[in-house]
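Asks: Let me give you the structure first, and then I'll get to my questions.
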Amino acid sequence: MALVSMRQLLDHAADDSYGLPAFNVNNMEQVKAIMDAARATSSPVILQGSAGARKYAGEPFLRHLIAAAVEAYPEIPVVMHQDHGASPAVCMGAIKSGFSSVMMDGSLKEDGKTPADYDYNVSVTAKVVELAHAVGVSVEGELGCLGSLETGKGEAEDGHGAEEALDHSKLLTDPDEAAQFVKATQCDALAIAIGTSHGAYKFTRKPTGDILAIDRIKAIHQRIPTTHLVMHGSSSVPQELLEEIRTYGGDIKETYGVPVEEIQEGIRYGVRKVNIDTDIRLAMTAAIRRVGAKNKSEFDPRKFMAAAMEEAKKVCIARFEAFGSAGKAEKIRAIELDEMAKRYASGELAQVVH
């Protein structure tokens, strides 16, 4: 199956009331673990590359790894998504490289650190939407900044994220402003701020409504029912993985992620894309530490990475099943990007705003 537009997958998810984990990838082992999990569960896949991943692996390597996944797993619909594009130029570069979906994160200025104003965000996002939709590529925007409601601070990850203290007007997306934003930009998906943040250190305690505003999702979805909501920074940070890392010599302080049941609640209210990176990192790190501790003479990196892939695969299977995407791959027939471009041009995919 060819690469597909993220809009196609998220439309299907909305019609069938499920969510899709979007996994960040940096190397072959992560791609293979995710795709093996997708095959085991018959789930469609969103593979995404962050700015850090593009810097680490290089965009050509990421692009060809994902192309290999499409070839090796022909029964699985795959989206190749560029995560957190810092400018229209970055997004256009990704489109030219063959990405089928891009994110224009205009919540921050081009440096990826300074919070931007609303008008700037609308301007750059609308520009990317116009150019991307002309070739059938979907666009994710962002309104509000990722950050902790506990500390009032953003969380930089992979070279992207607000570095200054933020007030609640930035840390929580306003439903009325979300409606205005979607009407002005016509983005396909919208990343919203509800108290999540990148990285492993999201919450100092199991999150409740005062630090994780799941109820905000419902209010936003009521205003923009056809725009697919996105939860960034939504790894669950499994406590058993933290404990295993500590058991085999790691030093990770107490921390909590976004509980799976809270994500499931978000899916009921319109979340369709759930970004996950840290959980895979933790799974692979735990496996590598375990192999090294139990086999001190081992020096074949394949032994370490095979165990890491298997541990990551378990996490991915669990998320596909928990979010409801298992069993959906065979129900999807790929729509070519040229056809998506025609649908955008006809107005068929215009967003509904209340």
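Note that Cβ sites are derived from N, Cα and C of the backbone, with glycine treated the same way.
Model, not experiment: these values are computed from the prediction.
Pulled the feature table from Swiss-Prot, pasting it below:
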- Asp83: active site, proton donor (ACT_SITE)
- Ser50: D-glyceraldehyde 3-phosphate binding site (BINDING)
- His84, His198, His232: Zn(2+) 1 binding site (BINDING)
- Asp105, Glu142: Zn(2+) 2 binding site (BINDING)
- Gly199, Gly233, Ser234, Ser235, Asn275, Ile276, Asp277, Thr278: dihydroxyacetone phosphate binding site (BINDING)
Asks: To which of the binding-site residues Ser50, Ser234, Asn275 does the lowest count of other Cβ atoms within 10 Å belong?
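Replies: Among the binding-site residues Ser50, Ser234, Asn275, the lowest count of other Cβ atoms within 10 Å belongs to Ser50.
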Asks: Report the member of Asp105, Glu142, Asp277 (the binding-site residues) whose C-beta atom has the most other C-beta atoms within 10 angstroms.
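Replies: Within the set of binding-site residues, the most crowded position is Asp105.
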Asks: How long is the line from the C-alpha of the residue listed as 'D-glyceraldehyde 3-phosphate binding site' to the C-alpha of the residue listed as 'active site, proton donor', rounded to the nearest angstrom?
Replies: 5
Asks: In angstrom units, rounded to an integer, how far apart are the Cα atoms of Gly233 (dihydroxyacetone phosphate binding site) and Glu142 (Zn(2+) 2 binding site)?
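Replies: Distance between the two Cα atoms comes out at 13 Å.
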